[in-house]
Amino acid sequence: MIKPTLLQLSKARIIVLSRNNLMKRTWTSAWTRGVQYSSCDVRQLHMTRVQSSTGVRATAAAAQPAMPKPKPSAQPSISAPAQKTRPVVSGLECIKPLVSTVEETPELIGTTVKGTIPSWVHGSFLRNGPGKFEFGENRYTHWFDGMALMHRFYIKDGEVTYCSRFLRSDSYVKNSEKNRIVVTEFGTLAMPDPCKNIFARFFSRFQVPKATDNASVNFVKYKGDYYVSTETNYMRMIDPQSLETKDKVDWSKFVAVNAATAHPHYDRDGTTYNLGNSYGKGGFFYNIVRVPLPKEKVEKDEADLSGAEVLCSIPASDSRRPSYYHSFAMSENYVVFIEQPIKLDLLKFMLYRIQGKSFHKVMEWDPSLETIFHVVDKRTGKESKVTYYGNAMFTLHQINAYEDQGQLVMDMCCGDDGAVIGDFTLENLSKASGEELDKFYNGLCTNLPRRYVLPLDVNDQTPVNENMVTLPFCTAKAVKMADGRIYCVHENLYGDDLLAFGGLEFPQINYNNYNTRKYRYYYSCGFGHVFSDSLLKMDVETKELKSWRYPGLYPSEPVFVPSPEATDEDDGVVMSVIITPREEKSTFLLVLDAKTFTELGRAEVPVNIPYGTHGVFNDRA
C-alpha cells in the first residue's frame with residue numbers, strides 16, 4: 001500500500017471540508033494553528049536523532065518522497081576542516097538542583113557585595129529562563145518546558161539588589177488554576193482532563209493545541225519597549241523595573257507571520273529585524289520582518305508593533321519539510337537566513353497528537369543534506385540570486401557578521417549533530433553523579449566557533465573552482481561550482497586549547513558598538529559539563545583564549561557592558577550569574593574586567609536561582 005503524501009492529504013482535507021461545515025471549522029483551525037509551531041518553535045520542536053541510513057531517516061523516506069537535493073555538477077576542489085571534539089570526561093557532579101523549582105522573589109532584596117563593582121555601572125541586568133518544572137503531580141519532560149522566571153539585578157553606586165517574578169502567561173495561569181499541566185510545551189504533551197468522560201478525552205486528541213505563551217527564552221526590545229520572548233507567535237510585554245507581566249502580543253495581528261525568533265537584531269537607528277514563517281497555497285516561507293522605531297516615543301501600557309513589515313519571503317527548499325532555526329545573521333546591509341538540515345516533518349506534525357505523542361517525533365536531523373545560506377539585501381528586500389551552500393551543520397547562536405572588501409563574514413557557534421536540543425530532558429539533566437551522567441555528556445556534540453565568508457560580487461564571468469575569499473586574515477574558502485552555486489568552507493575560529501573547556505556557546509560581543517562591524521573579541525560559556533562551567537574571552541584575530549573557571553560553579557550567558565569612557569573594544573565589564581548545586585556555596589552576580597578577564601567583584605544573593613537562558617543589560621532602569 002502506498003502511503004499518502006502531504007499533498008494528497010491536503011486534497012483529501014478539501015473534500016472533507018466541502019461535506020461538513022463542522023468538520024471544516026475543526027480542521028481549518030487545526031491547520032492554521034499548527035503552523036504557529038512550525039519551524040521556528042524551539043519549545044514545540046523536540047529533535048529526533050538520526051541514527052543511520054536505515055534508522056529514522058529511512059523511516060521518513062518511506063513515508064514520503066525524499067527531499068530533492070540539488071547537487072554540484074562536479075565535486076568541490078576543497079574540503080572542510082574536520083570538526084574537532086572535546087576530551088572524554090569522567091566524574092561529573094550532579095546538577096539536578098540547577099533544574100529544580102524555586103520560589104519567586106517579587107520584592108527587591110539586598111545582596112552582599114565582595115570586591116568592587118565599578119561605580120559607573122548603573123542599570124539592570126535582566127535574565128530569563130525556566131524556573132518551575134511541575135504543577136501538582138505533573139512534571140515537565142524537557143528543560144525548555146519550565147515556566148518562565150524573570151530576574152532583575154539592579155546595580156547602582158557599587159551596590160546590587162535582586163528580585164524575580166514568574167511570568168503570568170496564560171500557560172502559567174491555566175496550569176496553576178488546574179494544578180496540573182494543561183498547556184502543551186516543547187517536550188511535554190498536555191494530557192486530557194481526567195474529569196471529562198472517555199469520549200471527550202478521546203476527541204480532545206484531534207484538537208491541535210494553541211501555541212504556548214510561556215516566553216522563557218529571552219528579553220527583547222521593540223520600539224523601546226521590553227518583552228520576553230519564546231519562539232511561538234506570542235510575546236509578553238514586561239515592566240523592566242517591577243517585572244510585572246503586561247500585554248500579550250500576537251505577531252500575526254501585526255504582520256503576516258506565525259512566529260518569531262527570540263534573537264532579533266537591532267540597527268543603530270533602533271530598527272529591529274527578526275525572522276518568522278508562514279504557510280499557505282504557495283508553500284512554506286521564511287519571512288524576514290522589520291519593525292521600525294517610532295519617530296516619537298509615546299508612553300503607553302499597550303504593546304505596539306505597528307509598522308512591522310515582511311521585508312522578504314524566502315521559499316523553503318522543501319515545503320513538506322521546512323527547517324528549524326533559532327537565530328539569523330545580520331551585517332550592515334544584509335540579513336542571512338541559514339537553512340539547516342534540521343527538518344520539521346509536517347505530516348508527522350499533523351498526526352502527533354492523535355497518536356498521543358509529544359513534539360519530539362516531528363523533527364529529524366539529516367546530515368546528508370546541505371546547509372543553504374540565503375542572503376537578503378536590507379535596502380531592497382530582495383534575495384540574492386546566488387546560491388551559497390556548505391556541508392550539513394547545526395547552529396543556534398550567531399557571534400557577529402560584517403562586510404569587508406566585498407565579502408560577508410559570518411561567525412557563529414556550530415555543531416555536527418542537530419539532534420542535541422532534544423537531549424536536554426529533565427531526566428537526563430537530573431542524573432546522579434556517576435557513569436550515566438558521564439555517558440550522557442560524552443555523547444553530546446561539541447559546539448565550536450566557525451567563520452564562513454560569502455563573496456558578494458559573483459557573476460557569469462566569475463571563474464569556476466577558484467577560491468574567491470581574498471581576506472588576508474581568513475582561511476575560510478568559497479568556490480564557484482560548474483552549476484553556478486557557491487560552495488563555502490568554514491574556518492575553525494579557535495585554537496586547540498578551547499577543547500579542554502568542552503567547546504562553547506552563548507556568545508556575546510560589544511553589541512552596541514561592534515554589531516555588524518569588524519570586531520576582535522567575544523565572550524561566551526565553556527561547556528565542560530552538561531551546563532556551562534566556565535566563562536571565556538576569545539580574540540578572533542589571534543585565537544587567544546582567556547578564562548574564568550572554578551569547580552562547582554556554573555555561569556550564565558555573559559553580557560558585556562561598555563565603559564562610558566571606552567577607547568578600546570574591550571573597555572568595560574562582563575556580567576554573569578553564577579549558580580551552584582553545592583549547599584556550602586552561594587549564588588552570585590559576577591563582574592569581570594572585560595580586558596583582563598579577572599574578577600572585580602561579586603554580589604552574593606541569599607536565594608536559589610535555576611540555570612537560565614538569555615538576558616540583557618538595561619542602562620535606563
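Heads up, the Cβ atoms here are built off N, Cα and C, so glycines get one too.
Remember, TrEMBL labels are computer predictions, not curated facts.
Now, the feature entries from TrEMBL:
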BINDING   HIS263, HIS326, HIS397, HIS614  Fe cation binding site
REGION    54-85  region 'Disordered'
Handout entry: Environment of HIS263, HIS326, HIS397, HIS614, the listed Fe cation site - residues of the same chain whose CB lies within 8 A of the CB centroid
Key = VAL217, ASN218, THR261, ALA262, SER327, LEU396, GLN398
Practice task
Identify, in sequence order, the residues in the chain of HIS397 (Fe cation binding site) that are 6 or more apart from it along the sequence and have a CB within less than 8 Å of its CB; answer 'none' if there are none.
Solution key: HIS263, HIS326, SER327, MET412, CYS413, GLU505, PHE506, PRO507
Completion exercise
Quick tally, other C-beta within 10 angstroms, HIS263, HIS614; top of the binding-site residues is HIS614
Exercise for the section: Enter the number of other CB atoms within 10 angstroms of the CB of HIS326 (Fe cation binding site). Expected result: 21
